[in-house]
Every structure is written in structure tokens, then in C-alpha cells.
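> Pulled these from Swiss-Prot:
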- THR230, ALA231, GLU232, GLU284, SER384: L-serine binding site (BINDING)
- ARG261, SER262, GLU263, GLU348, ILE349, SER350, SER351: ATP binding site (BINDING)
Amino acid sequence: MLDLKRIRTDFDTVAAKLKNRGVSEDTLTHLKELDEKRRTLLVQSEELKAGRNIASAAIAQAKRQKEDATQQIADMQKVSADIKTIDNQLVAIDQQVADIITVLPNTPHDSVPVGADEEDNVEIRRWGTPRDFDFEVKAHWDLGEDLDILDWERGAKVTGARFLFYKNLGARLERALYNFMLDEHIKEGYQEIITPYMVNHDSMFGTGQYPKFKEDTFELADTNFVLIPTAEVPLTNYYRGEILDGKELPIYFTAMSPSFRSEAGSAGRDTRGLIRLHQFHKVEMVKFAKPEESYQELEKMTANAENILQKLGLPYRVISLCTGDMGFSAAKTYDLEVWIPAQNTYREISSCSNTEDFQARRAQIRYRDEADGKVKLLHTLNGSGLAVGRTVAAILENYQNEDGSVTIPEVLRPYMGGETVISPK
């Protein structure tokens, strides 16, 4: 959530930054007008309350002296009614301000490219060279069925579209991947966490999914619970409402969890395969950092995600998302896109973001600065390290062989009992 004081004092800068994120200046102007009206009413209310206190003392004095205070009482009752009217107006204005400010996206960092959509994203670097196949490549969904490791038909029967069963070496490959990812992140100083897979509405507000993106989630009817769309939500909210010791920062968390997405608005997109599911595993990285260190931590986090792809030998590229393509809470985002041979393109497999103090303000996560003793908002960062199902897809396609088998990447073999290849039965 943005700082209302910042909007008030640096209106033109904030308006210009949010314009690049598709926010109309009229929206901010209306917010500013509401804020000014609110501040005027607060002054009036305080003045009336001060006058009422004086009148109350005068009435008490008159009664002690057995004087007639009828008119003074009537005047004070009118003042009290005026105060109540103003307070009711303030409640209404506060709600209008909240309705606007809670759905305003974060302001982009100055280094973020300006653009409308993914066409304006900027490629930063590439790693690895896509393999030149001398046979016709298969899509991962066909490989999965032929190898008897992915079962889409029964997933649809048991649950519905965009669900599947992993089986045999497919299940072992999925498990090997997330254990490998967690082990690599732990080496980099991340604390492993097992989170709840349901959170409450306050947690969804804290990380920015609520109220704007409720349609993308799975809520449990008649409860305060929501299935997590990413482990970012419980990990970030771990410290919600707390003041941390600045000496302990930065703090790194990692967790593997299922992620549940309704994929509202994705009808017709990636209807086959592991790219877009309602339920999938993801290894998440979350950081809590001091403001002056957060962009260095973003680079480190992105490197941590890249490390996984490099050790798996999967070609990828790093993209800096433009202002029009970033997520709601992000101030800057790098996407990692892995090469998918059957589609002859790169597809997102990780997204690493610095939200600066946007989530921390919503969730009230602060730290006490050891330098001056002041309590300040910290910065939160989050990143995929990696989306496990998409990594399975990338391995199946990039490591496929002409005979229909798939070679298991060397770093995963210790996690799979020494297996070296997945072969057709």
C-alpha cells in the first residue's frame, strides 16, 4: 500500500509513476481531494471538541453556583450534534480513501522500463544455448503420457481440467526437484519453513492479493480461510504486525508448498501441459531487508533462482518487466524464462520482485534501526525458486532422446536413487 503522506507531498511524481502503471491521474486527484477534505474536517472536529470541553466546564461551574445553564446546555448539545455529523462524514471519507488506496499498485523503481505490456519488457541476459535436435521433439505432455509418468485423463476424471496425477518416476522427479531446490537455497542462507496451506483474509491483504484479486483465489465458503496462491503469502505474513531487530536483517525464508490458482481470465491459454494448472508445487524465496539493502538483495535472489537452472543445465533468459507488466505489489521484477523446445520459445519459470515497503505497510512489518533506535518499515522481497511443474516440463523437453526416453539431469540422480534415464515401458 502506498503512503498517503507521500501522495500528498509528492503528488506529481507519484501520479507520473502510477500513470505508467495504468492509473488515471483523476483517481489520484480524487484521492487527494478526499484527503484534504478529511484533514479540514479533522480540524473542525477538534475545534468543536475543544469548545465543547470549555462549555462543559462552564456548565459545571454554573451548576455549582446554582445558576441557570439551560442555554449553555442547549448550545453544547448542538455542538455535540455537529461533532457527530462531522465524525460520520470522516468515517465515510476514510472508507472512500481506503477503497482507493488499497487497490493502487506499487510505484515502479526508476530503473524499471516504461511500457504497456510484455512486448515492452527488456531482456537483460541469457544463459545456455538451446539444444539443436536432429529428431522431431515431443511436447512434455506427450512425453509424460508415453513414459507413463503424467496422467491427465484421470486427473480430469477425479477433479477436473488443469489437474493431473504424477506417477512412477514422474512423481520421483517432482520430489527430487523440490528437494534439490530447497537444499540449494539452504546453502545460500535461507531458513526452510513448512507453512500452513490456508491463510486468513488479513494475510491475503498483507501481501496484496486482497481486495483486488479475490477472483483469482480459492476461498473456503463460510470461513475466513483461503487456499494459498503461493507460499509468499504465509512466509511474508509470518512477521505481520511485528517489530524486528534491525541487527537480524536481512532474513531469508524458503518453502515448498502447493499453490492454488483459479486462473480467472486464462480460458483457452495453455490448456494442455504443466504450464498453467489450478494446483502446482512451487519453491518460494522471501526476504526481509533494510531499505538501503533491498535492491542488492533482489540481485542475489535472482542469482539464487538462476543457480537452480544452471545446475540443471536448462537454457534461460532474464527479463526486466516493464511498468505495465509487473505484478500489483512489485516495485521491480525480474522474470526468468526457461527454453521450451516444443514451443520454440522461452516461458516464465520464476519471478523475483522487490516490493519495497508496499507489503510491509499493508502488513505492518517494521524493524528497529540499531543506528538511531527508530522504528521503520522494512522492505520485503519474494521470488520463485522455482515453479516445480514448469521445471519438470522443461527437463522432459530439453532432455528428451530420439527413442522417447528422457535423461535425468546429473544433479538430480542422487535424489532419485541413482536413476539416470526415464524410459518408455
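Each residue, glycine too, has its Cβ placed from N, Cα and C.
Can you walk me through where each of these features ends up in the structure?
DSSP classifies GLU232 (L-serine binding site) as helix under the three-state reduction.
Proximity of GLU263 (ATP binding site) to non-local residues of its own chain (separation of 6 or more, Cβ distance below 8 Å) is seen for ARG162, ASP216, ARG276, HIS278, given in sequence order. GLU263 (ATP binding site) falls outside any helix or strand according to DSSP and counts as coil.
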> Any idea what the Cα distance is from GLU348 (ATP binding site) over to GLU232 (L-serine binding site), rounded to a whole Å?
17
> Name the residue among the binding-site residues SER262, SER350, SER351, SER384 whose Cβ has the smallest number of other Cβ atoms within 10 Å.
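Comparing Cβ neighbour counts within 10 Å for the binding-site residues SER262, SER350, SER351, SER384 gives SER262.
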> Rounded to whole angstrom, what's the largest C-alpha distance between any two of ARG261, SER262, GLU263, GLU348, ILE349, SER350, SER351, listed as binding ATP?
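With ARG261, SER262, GLU263, GLU348, ILE349, SER350, SER351 as the binding residues for ATP, the largest Cα distance is 19 Å.
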> Would you list the other residues of this chain near L-serine - those whose C-beta lies within 8 angstroms of the C-beta centroid of THR230, ALA231, GLU232, GLU284, SER384 - in sequence order?
VAL233, LEU235, ALA255, SER257, SER259, LYS282, VAL283, MET285, VAL286, ASN382, GLY383
> Quick one: pull the CA-CA distance for SER384 (L-serine binding site) versus SER350 (ATP binding site), whole Å only.
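On Cα coordinates alone, these residues lie 5 Å apart.
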> Can you tell which of GLU232, GLU348 has the most other C-beta atoms within 10 Å, given these are the binding-site residues?
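Max Cβ neighbours within 10 Å, all protein chains included: GLU232.
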> Are there residues of the same chain, six or more positions away from ILE349 (ATP binding site), whose CB falls under 8 angstroms from its CB, and which are they?
LEU309, TYR316, LEU336, GLU337, VAL338, SER384, LEU386, ALA387, ARG390, THR391, ALA394
